[in-house]
């Protein structure tokens, strides 16, 4: 079944020049880019995207990080796109949970600045795509 997912290459990935590497891995996995845009994120979009974390102690630093510079937002399509991207992304904690060979396992150094975000369910993918790409 073909599905869509939202992927963000976060500001640390853009700053470190890893956009091409991430896109290469996405394409090698067989996923298709349906939309791609370099964006500077405003506070309202950041708050809406991370609303589920609003009451957590790290929310402020998360907002500060995600708005600290440009990021790349993309919509990917393909069979089981959500699970496929999450597999190549690796675990959220790049040191303890991300396998070598995954994006985070190979390039990320800490949990918050872990290079990429990928939707975790069809429901969150629909919500996130509508937020980042309202015309789709």
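Placement of Cβ uses the backbone N, Cα and C atoms for every residue, glycine included.
Same-chain residues at least 6 positions away in sequence with a Cβ under 8 Å from that of residue 86 (ATP binding site) are, in sequence order, 118, 120. The ATP binding site feature in Swiss-Prot is assigned to 10, 58, 86, 92, 104, 114; the stated evidence is sequence analysis.
For the recorded site, residue 117 (active site, pros-phosphohistidine intermediate), the DSSP three-state label reads strand. Counting only same-chain residues at least 6 apart in sequence, those with a Cβ under 8 Å from the Cβ of residue 117 (active site, pros-phosphohistidine intermediate) are 6, 7, 8, 10. The feature active site, pros-phosphohistidine intermediate is assigned by Swiss-Prot to 117.
Of all Cα pairs drawn from 10, 58, 86, 92, 104, 114, which the record names as binding ATP, the longest spans 22 Å. Within 10 Å of the C-beta of residue 104 (ATP binding site) we count 22 further C-beta atoms, all protein chains included.
Cβ environment of residue 58 (ATP binding site): 112 lie under 8 Å away, each six or more residues apart in the same chain.
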